[in-house]
Amino acid sequence: MKALDELTFDNRFARLGDAFSTHVLPEPLDNPRLVAASPGAMALLDLDPAVAETPVFAELFGGHKLWAEAEPRAMVYSGHQFGSYNPQLGDGRGLLLGEVYNQAGEHWDLHLKGAGQTPYSRMGDGRAVLRSSIREFLASEALHALGIPSSRALCVIGSDTPVWREKQERGAMVLRLAPSHVRFGHFEYFYYTKKPEQQKQLGEHVLALHFPECQELPEPYLAMFREIVERNAELIAKWQAYGFCHGVMNTDNMSILGITFDFGPFAFLDDFDAHFICNHSDDQGRYSFSNQVPIGQWNLSALAQALTPFISVEALRESLGLFLPLYQAHYLDLMRRRLGFTQAEDDDQKLVERLLQLMQNSGVDYSLFFRRLGEHAPEQALARLRDDFVDRNGFDAWAELYRERVARDPIQGQDLRRARMHAVNPLYILRNYLAQKAIDAAEAGDYSEVRRLHQVLSRPFEEQPGMDSYAERPPEWGKHLEISCSS
């Protein structure tokens, strides 16, 4: 394990030059202090978890100190926001400190969010508040633990720095890790500003670093785009299967690596609601839960437009046509596993759709239903779940189909069935009300609940003694909370 001063930097994005980013120093927080750190994320940098408790840790990730090898840069990009093109966005409050490579040879971007104003702050103060920083920290690590591709969060640093939003709050910083911070919007920026040389330079950079296997193929850019399509189809399939609503699927928030990026007003479903809108600024429901699949394809089409200098329109259209079949295959595979099936049958999609409609009509808790379905043998589990449904006759009809489907599946024994289902059906998810309780405590100076919640969410599939309250249905006030983009 390494100490903080032993990290090895290799700042490949910074070497692209000033057309891609601007050198900016972090603005330090007043009285920085550790709110929470992720040992799992620290391990990606070979860091000893004990260093999180040292004063220099808070000073580094609170903007007071920098490694000599770090090259803090604010990246420039553009993007489509709620369907409309915004010509220049960029890192308005975050800085790419540099890239660190670990003993396994993996490169990880170190990105400090809430680091102060940059040339791309667009009249903003460049700060992030404590509540949004805690949410990003918890969400990043929770999604990773669920097996959903995501950026990681090394730590949250709190402070006494005053920040004004709807009211005065305290500033904070999050240290985010990702193999790359290149977004769809990076390619859009150089396409729409008509900078073909820089766009080509960006493309070669991304190919060499993140899609090297595509370089050997006859059409490397086309191969790369198809890989991006596949990764995003799989990502969104996992969002839908686990009930995750991102909330702000603008193209500048979409990663070329197909990882969940830029957590804002996200939410996991409580009661199943296909039309749930977690972002209270989304008046039209563009980024509602049910729209995430078509919006994912729309965003890929926006990226495709930016790649027309490298790939024929016909080939791009053909590749975009792969998205929905790929999504459906990944989604159905996940849902079969959540229902306890080990083999595919033609009518599985209808069985899933019928179940979701029944859950929608009755307001059934999405995550708890699947967890409880695997607790007991099908007959007993279905009898216990029946009371959650208003349409008992409809549920009985579905339950009969489910029993018949289970009987045809080759899985043997309830113990094996329970183990397989519990391995894909979490007991603990990051419900918004749990995050809010942790935030309320943290804003009062008590960080223990943030740390406890993080520990619980790091093992979502395992029953943890004494943690029953984290697996309960939310209270009425905690259901379907809409979260502001204000952060």
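Residue 1 is the first one shown; counting continues down the chain.
Cβ atoms here come from the backbone N, Cα and C positions, even for glycine.
Look at Swiss-Prot and you will find Asp252 tagged as active site, proton acceptor, backed by sequence analysis. Proximity of Asp252 (active site, proton acceptor) to non-local residues of its own chain (separation of 6 or more, Cβ distance below 8 Å) is seen for Tyr77, Ser78, Gly79, His80, Gln81, Asn86, Leu89, Arg183, Phe184, Gly185, Asp262, given in sequence order. When secondary structure is read from DSSP and collapsed to three states, Asp252 (active site, proton acceptor) falls in the helix class.
Residues or ranges marked as ATP binding site in Swiss-Prot (evidence: sequence analysis): Gly90, Gly92, Arg93, Lys113, Asp125, Gly126, Arg176, Arg183, Asp262.
Asn253 (Mg(2+) binding site) is surrounded by 21 other CB atoms, counting those within 10 A of its CB over all protein chains shown. Annotated Mg(2+) binding site per Swiss-Prot: Asn253, Asp262, in sequence order, evidence recorded as sequence analysis.
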- request: Mind giving me a neighbour count for Asp125 (ATP binding site)? Other Cβ atoms within 10 Å of its Cβ, every protein chain shown.
  value: 17
- line: Rounded to a whole number of Å, the separation of the Cα atoms of Asp125 (ATP binding site) and Asn253 (Mg(2+) binding site) comes to 20
Field: Closest of Gly90, Arg93, Arg176 to Asn253 (Mg(2+) binding site), Cα positions, binding-site residues only
entry: Gly90
Query: So which of the binding-site residues is most packed in, judged by how many other Cβ atoms lie within 10 Å of its Cβ, out of Arg93, Arg176?
result: Arg176
